[in-house]
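Student: Supplied in structure tokens, the structure appears directly below.
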């Protein structure tokens, strides 16, 4: 029996490796926190190189989050917020991390009444465990917070943003490029709970009636250890093993 060239077997093994490896991986799944806290869900947000880690407790309607993003410049700011009455900035209530001379970013809460009326004040919902930190290597700010959501809520609109400067303790306006305008989405809490620890779900929010006239492009991502993609990977492993045994027999004999 003619033997199969060893180079052909090597090529086949390389192709199998490509089949077995996942098609893509989320950046957020490799991120760690200094407080070593674990969140049940995470998502790579579609714009501004931002990431959201979160755990939703339906028993008391609380949401613990860690929002990660880099300010436009080292002396800038980052922010994440919730909009229970709209989809964009207007009517949102936000948590900002601002560059501070004290070392760690200073955390403040703002109520965005309208695009021309932004007030530093207490939010309408309870917020606790509020603090922020800077990654000395990457320059990223991480905002930690726990918030009280309306009972039996299944989803809500959230926004995020980054800015380049802080003036007298106040954030300077961010840029209005397309990605800044698209920094909004709907967080599906019930979907995340059903899919389990590795679930990540975010869908683009609808257009804002008072806002900038743009809608973010589709970037919904859902991963699950029991999803179809993992079942396909298991099938690929079995197929590769069977064909490997067959080809190896050609080389031996």
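Backbone N, Cα and C define each Cβ position, glycine as well.
Unlike curated entries, TrEMBL annotations are predicted automatically.
Predicted, not measured: the structure shown is a model, and the values here were computed from it.
Residues or ranges marked as signal peptide by TrEMBL: 1-25. The domain 'DOMON' annotation in TrEMBL covers 48-163. The compositional bias 'Polar residues' annotation in TrEMBL covers 191-204. Taken from TrEMBL, the feature region 'Disordered' applies to 191-226. If you look up TrEMBL, you'll see 205-226 marked as compositional bias 'Low complexity'. According to TrEMBL, the transmembrane segment annotation covers 235-252.
Could you place the listed features in the three-dimensional structure?
Tutor: Per-residue pLDDT, averaged along the domain 'DOMON' (48-163), amounts to 95 for this model.
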Student: Work out, from DSSP, the number of helix, strand and coil residues along the domain 'DOMON' (48-163).
Tutor: 0 helix, 66 strand, 50 coil
